[in-house]
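As structure tokens, the structure follows; a few thoughts come after it.
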Amino acid sequence: MTAILLVRRQPVTPIFFNQQYPTLVDICARWQLIYDANAPFELRFESDSLTLHKRDEPKLDGILVDFVTGAVAHRRKFGGGRGQSIAKAVGLKQGVTPSVVDGTAGLGRDAFVLASLGCTVTMVERHPVVAALLEDGLRRAYQDAEIGDWMHERMQLFHGSSLEALSKLEQEVDVVYLDPMYPHRDKSALVKKEMRVFQSLVGADLDADGLLAPALALATKRVVVKRPDYAEDLDGVKPSMVIDTKKNRFDVYVKAAMK
């Protein structure tokens with residue numbers, strides 16, 4: 001699979017950025033982000049990485065997508081491989097490596113885990129700022145000597161407003177993976193920071209229940225929904241099976257056997 005970027009036209013989004021930085025100007029133009037001196041968020045380039053800052057909380061670190069170093073790299077090397085709960089949930093097993101659409105990509109961490117285990121993954125992200133961060137993370141990953149080759153083959157980004165838009169793609173999808181934004185009770189510094197930034201940027205996934213039906217229509221084998229352990233079933237629909245983890249669970253809606 002070639003690593004392509006499919007852009008769906010969206011309403012313009014206000015953002016603050018340095019207008020004297022040509023690369024930032026180009027990125028904002030491509031993603032229809034318009035300069036606004038009073039915008040609550042700023043995009044910057046720091047150490048060759050596109051970063052998002054909440055302007056009224058200057059002490060917070062910038063948010064970026066990093067597939068090469070840090071926590072995701074550690075998980076790729078030491079995270080348990082196909083024995084991980086997410087791998088079991090999507091149906092990874094010997095001789096079976098499904099194609100996956102991640103319908104709520106966010107910072108792309110779960111998509112990266114699945115790609116590192118061999119899945120071809122299409123990330124869907126509807127918010128243009130988050131999509132811009134994902135694109136930049138992919139750019140750096142594609143250039144990396146260790147992971148660049150397989151990243152090109154296994155991960156692509158689709159900027160669209162809904163899963164229904166993906167049904168127009170002429171490709172069969174085994175699994176649709178969903179992780180709708182849900183209020184977190186976890187008070188760790190990282191979760192507090194990222195949730196504060198993301199919830200104020202994109203808002204809550206108030207239409208999350210509406211994702212299940214198009215996901216079931218698109219997937220040929222199963223839909224996997226990641227939920228906090230205290231959350232109700234998506235759209236009130238009971239899953240075929242549940243895989244529990246320490247703080248979350250994977251609700252699996254099976255349509256057909258993995259082969």
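Each position is counted from 1, following the chain as shown.
In case you wondered, yes, glycine gets a Cβ from its N, Cα and C as well.
Here the Cβ of S161 (S-adenosyl-L-methionine binding site) has 13 other Cβ atoms within 10 Å, regardless of which shown protein chain they belong to. The S-adenosyl-L-methionine binding site feature in Swiss-Prot is assigned to R109, D110, E125, R126, S161, S162, D179.
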Per-residue Cβ crowding (10 Å cut-off), top of binding-site residues R109, R126: R126
Assigned element (helix, strand, coil) containing D110 (S-adenosyl-L-methionine binding site), judged by DSSP: helix
Entry from the binding-site residues list E125, D179 having the most other CB atoms no farther than 10 A: E125
